[in-house]
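Engineer: Have a look at this one before I ask anything.
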């Protein structure tokens with residue numbers, strides 16, 4: 001190990017005393033001024049991961065939907081997926097190690113993982129548009145170079161674009177070309193091929209109003225537009241020319257506030273690093289309607305199931321949800337569409353792993369982060385059927401649509417640009433408006449609350465976080481409260497980052513959902529050592 005190099009670089013990136021951070025589903029995320037030493041150390045860790053896997057590893061500098069003054073970092077594994085749980089643990093250890101123990105911590109990881117330090121290392125680095133991104137990505141590059149790794153700095157890219165680049169590199173071009181232009185070409189070619197099957201598209205349907213969250217997605221959408229050859233005209237608002245990143249705009253604002261962005265009349269919103277998307281519209285009565293991740297998963301899985309039937313392919317398609325998925329979406333998928341539904345723990349990595357178990361796994365969190373995974377076997381069957389001269393016209397059309405849809409989807413991670421093009425394609429091919437899509441099923445009224453507790457670890461859950469195991473008596477209390485309301489359910493789960501317990505409730509009316517959420521919050525407060533004032537009723 002290049003001790004002298006690490007020793008001298010380490011001094012340039014000192015750790016503030018007493019600062020402790022945890023690597024979670026979203027990587028590290030906090031106020032940008034606390035992150036310089038973290039970035040340097042993640043550069044070190046990415047280099048070790050690259051040597052261990054003999055592959056290119058990605059480091060994305062972003063804080064997604066957080067305010068502009070925050071920043072963060074995520075590591076990307078060889079196939080474009082999130083880094084494995086064991087290495088998340090190493091990331092936390094390395095981040096919190098005091099300055100004089102850093103070399104020892106690195107040696108421990110090298111020994112535990114039996115890393116050959118003579119192996120070359122290759123790291124791809126990207127950042128979003130935050131002002132702090134430039135200096136923080138330089139700290140990552142310092143970490144990589146101090147362990148002798150090679151870097152390719154992509155500069156400003158969306159998070160999904162960097163995931164895509166890493167996968168392209170490690171599949172030696174089989175997934176695509178590891179350039180931003182290669183990404184635009186792959187997606188736009190697939191989109192243009194698919195929309196040829198929707199000959200009745202009006203000029204109105206070719207025009208889409210997009211809220212870019214004043215982030216990287218707006219810049220990249222503008223770059224991509226010429227590749228779409230007027231088959232989709234994207235009208236951008238919150239395009240980062242004036243407003244602040246994620247301020248009163250973006251997917252998270254729309255989802256949480258249940259209203260359109262403050263600036264511009266839009267139809268869909270990206271988040272700050274363009275890995276989430278939500279659609280919405282305001283009806284003639286002025287009512288706001290949100291089409292979130294549940295609606296997106298339903299639209300895409302319905303389209304794919306129809307194509308599989310037309311192609312005569314016996315492939316299992318499943319939708320992966322979390323406990324936060326609206327009960328109406330689950331019932332529609334299971335009872336009407338006859339699609340398998342699997343529930344897993346909250347967090348994109350859990351959904352991604354669960355989706356890998358099926359021929360075709362569709363996963364979206366309610367917040368709009370999601371994608372579709374096609375197994376190698378499923379892709380092979382589809383490609384063979386495309387090439388088979390005995391495939392009749394109807395089957396041939398369906399498998400060609402499936403093949404182009406696979407090319408349009410970024411299978412490495414949720415991708416707002418890719419997901420937007422898939423949604424626009426499905427609506428065009430099926431001749432649907434956003435209003436038609438929204439009418440597929442009606443969401444059950446729901447409410448999310450949070451209760452501050454002295455220690456969130458007192459809550460332990462099972463059954464994909466849908467039932468509380470501890471503290472004793474809490475689940476019994478929730479069960480008896482739920483029984484008071486029609487089509488009701490409720491669950492609680494500890495936050496991953498702070499001492500709060502999140503409460504979710506659903507019922508037949510908004511008033512009942514609000515009542516149930518409040519009553520369950522009281523039960524949590526009383527049985528899980530609530531802090532501060534008792535939760536107050538919402539009405």
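Residue numbers in this text run from 1 along the chain shown.
Using N, Cα and C of the backbone, Cβ positions are placed for all residues, glycine too.
Keep in mind that TrEMBL annotations are predicted by a computer and have not been checked by a curator.
Got these off TrEMBL a minute ago, pasting:
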ACT_SITE  64  active site, phosphoserine intermediate
BINDING   64, 271, 273, 275  Mg(2+) binding site
BINDING   365, 366, 367, 493, 494, 495, 496, 497, 502  substrate binding site
DOMAIN    51-83  domain 'Alpha-D-phosphohexomutase alpha/beta/alpha'
DOMAIN    119-166  domain 'Alpha-D-phosphohexomutase alpha/beta/alpha'
DOMAIN    183-278  domain 'Phosphoacetylglucosamine mutase AMG1'
DOMAIN    292-430  domain 'Phosphoacetylglucosamine mutase AMG1'
DOMAIN    472-521  domain 'Alpha-D-phosphohexomutase C-terminal'
Engineer: Counting Cβ pairs under 8 Å to the domain 'Alpha-D-phosphohexomutase alpha/beta/alpha' (119-166), which of 51-83, 183-278, 472-521 comes out on top?
Structural biologist: 51-83
Engineer: Need a quick answer: max count of Cβ pairs under 8 Å to the domain 'Alpha-D-phosphohexomutase C-terminal' (472-521), which of 51-83, 183-278, 292-430 is it?
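Structural biologist: Between the stretches 51-83, 183-278, 292-430, 292-430 has the largest tally.
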Engineer: Can you give me the Cα-Cα distance between residue 496 (substrate binding site) and residue 64 (active site, phosphoserine intermediate) in Å, rounded to a whole number?
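Structural biologist: If we compare the Cα positions of residue 496 (substrate binding site) and residue 64 (active site, phosphoserine intermediate), the gap is 17 Å.
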Engineer: Of all the recorded positions given, namely 64, 365, 367, 494, 502, which is spatially nearest to residue 275 (Mg(2+) binding site) at the Cα level?
Structural biologist: 64
Engineer: Name, in the order they occur in the sequence, the residues of the same chain whose CB lies under 8 A from the CB of residue 273 (Mg(2+) binding site) and which sit 6 or more residues away.
Structural biologist: 60, 62, 63, 64, 65, 128, 158, 159, 215, 216, 217
Engineer: I'd like the number of other C-beta atoms within 10 A of the C-beta of residue 502 (substrate binding site), please.
Structural biologist: 20
Engineer: Can you list the residues of the same chain, besides 64, 271, 273, 275, whose Cβ falls within 8 Å of the Mg(2+) site's Cβ centroid?
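Structural biologist: What remains near the Cβ centre is 62, 65, 128, 158, 159, 215, 251, 270, 272, 274, 276, 369, 416.
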Engineer: Given the binding-site residues 365, 367, 494, 502, which one's Cα is the least distant from that of residue 271 (Mg(2+) binding site)?
Structural biologist: 367
Engineer: If you count CB neighbours within 10 Å, which one among the recorded positions 64, 367 has the smallest count?
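Structural biologist: Each of the recorded positions 64, 367 was scored by Cβ atoms within 10 Å; lowest is 367.
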Engineer: Go through 271, 275, 365, the listed binding-site residues, and name the one with the sparsest Cβ surroundings, counting other Cβ atoms within 10 Å.
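Structural biologist: Sparsest of the binding-site residues 271, 275, 365 by Cβ contacts within 10 Å: 365.
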Engineer: Only counting partners 6 or more residues apart, tell me which same-chain residues put their Cβ under 8 Å from the Cβ of residue 494 (substrate binding site).
Structural biologist: 456, 457, 459, 461, 500, 501, 502
Engineer: Need one number for the substrate-binding residues 365, 366, 367, 493, 494, 495, 496, 497, 502: the maximum pairwise CA distance in Å, whole number please.
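Structural biologist: Farthest-apart Cα atoms in 365, 366, 367, 493, 494, 495, 496, 497, 502 are separated by 19 Å.
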Engineer: Summarise the domain 'Alpha-D-phosphohexomutase alpha/beta/alpha' (51-83) by DSSP state, stating how many residues are helix, strand and coil.
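Structural biologist: Tallied per class, the domain 'Alpha-D-phosphohexomutase alpha/beta/alpha' (51-83) gives 3 helix, 14 strand, 16 coil.
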